[in-house]
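Please read the structure below before turning to the comments.
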């Protein structure tokens, strides 16, 4: 009886061992043969990031998320870190998803998902936080600049990650600037500078700084319009018609300069205008209501700004309309001469044509003389040969 009880115990122990080993192998198959599956996440600063960790199968072991500082965020559905920005989205035996809101650059880094088997299996996921650059600012220019000055325009943007790219445009054409890059923590300060000498051609030119970054859907831009002061330059516009005695006449003093040079002063032959009743000055224009010979001379306009003075001159000669008509070219006479020449040319062409038509082929008909009166073909041939003989006899030779 004792032997029988002992035998049953041994048999029970063997069965228990077999079942334990089978259970252990099943557990190893369920947990120890796999790693958690994660994905890298990229988010713009201030946005939200969902971090997901999952396994294909699980035997009720737990999943855990940890931050780059190895602080546990969630163990299963249990929150471990007091951070109101972090919340649970989904927790099951095969998935753990959390959400990090209002992401900052300090959240950037490697996060760890752990599967608590024996041993613990871990997988990393990188959270990339894009730092949004600040709107650009152009510094270094104080309006107005003076012609000949050397100025430096500097465009700056702060807080970008990765570093932003700055491009310069002069009106619509791209120009190259010198770039400077400084790291501040995880973000970058980017500067780009343009240095050049200004002249009057730079007045009113728009320089635009454009910032490009992967976090921006639209470019950030800012523009500086240059103001350049320069000395005046004057020119008197020349009338399109000859100044005739008795006619109305106007001169205009065209000026460029910044500030605008004014007032415009008119003079004649180095002195004041002699007849202010006929010579009227309105702004930049000088009008002579009725020209006469006494108006001949050199007219000058003069204007200034704080950078200098400029002058321009025009020599006026008033023509007598009657004398101009007498000594002018006689277009009717010229036209008559041309017509006569054309007529004579046409006549010569016609006469020459008729002459050539009447004498066409006469140089080849002498050898056929006598053939027209021959009664038959044989006689015509004999006559033609005779003509050839006589032709040979008539040849003259010159030595």
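Keep in mind that glycine also has a Cβ here, set from the backbone N, Cα and C atoms.
Look at TrEMBL and you will find 36-128 (among others) tagged as domain 'Ig-like'.
Break the domain 'Ig-like' (136-226) down by DSSP state and the numbers are 3 helix, 57 strand, 31 coil. TrEMBL lists 136-226 (among others) with the feature domain 'Ig-like'.
The domain 'Ig-like' feature in TrEMBL is assigned to 232-317 (among others). Across the domain 'Ig-like' (232-317), mean pLDDT in this model comes to 93.
What TrEMBL records for 1-23 is signal peptide.
Annotation comment: TrEMBL describes 332-357 as transmembrane segment.
Secondary structure of the domain 'Ig-like' (36-128), assigned with DSSP and counted as helix (H, G, I), strand (E, B) and coil, comes to 3 helix, 48 strand, 42 coil.
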